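**Student:** Quick paste of what TrEMBL says about this protein:
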- Asp48, Ile49, Asp67, Lys69, Glu123, Asp146: GTP binding site (BINDING)
Amino acid sequence: MHTTYHLPQNLRKELKKPIGTLYKDDILLDQIRAELKQPTEKVIAIGDITTKNLLDANIAFDLAVIDKKTRRKYNAPAIDLPANCKLISVHNPPATITEELFSSIKQALLQKMTTVIIVDGEEDLAALPAVILAPVTSIVIYGQPDEGAILVRVNSLVKQKVQKLLSYFI
């Protein structure tokens, strides 16, 4: 594996396409609850607003990745993290997936306790390693600005698709 994956300019448009299913904010939480009625290994939230929405709706997650920003500005809503969660801090520059972020997600998914990774930099691409590393039947939820959120039910085909996308990084 590379030490750091850099998003090439020509892949940016492709990555704006949802990996999973896009849900408008008003039906997202109901859809997550419906998904959780099926066997689900892990629940992973990517982004400050996604994480806050899950917490406000009392939907438990196993891993959250946040950067304390919304739209790359330090204006994210305050998040009351669970008292018993493990906090991990990592550095991850914009348009990048560092080895540190990748390995932190991997370690967090091996934990039995709720883990929150706080990114110094940007967490926008964290859904990619989360999908690759999450056990099959997990769900990954990440925000899509101005549209809602994407819910990904992890399976081998989705993992292959994301692995292929990552192979185009430099």
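Yeah, the Cβs are placed from backbone N, Cα and C, and that goes for glycine too.
A TrEMBL annotation is a machine prediction, not a hand-curated record.
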**Student:** So how many other Cβ atoms are close to Asp48 (GTP binding site), meaning within 10 Å of its Cβ?
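**Tutor:** I get 22 for this one.
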**Student:** Which one is it: of the binding-site residues Asp67, Glu123, Asp146, which Cβ has the fewest other Cβ atoms within 10 Å in this structure?
**Tutor:** Asp146
**Student:** Other than its own, how many Cβ atoms are within 10 Å of the Cβ belonging to Lys69 (GTP binding site)?
**Tutor:** 17
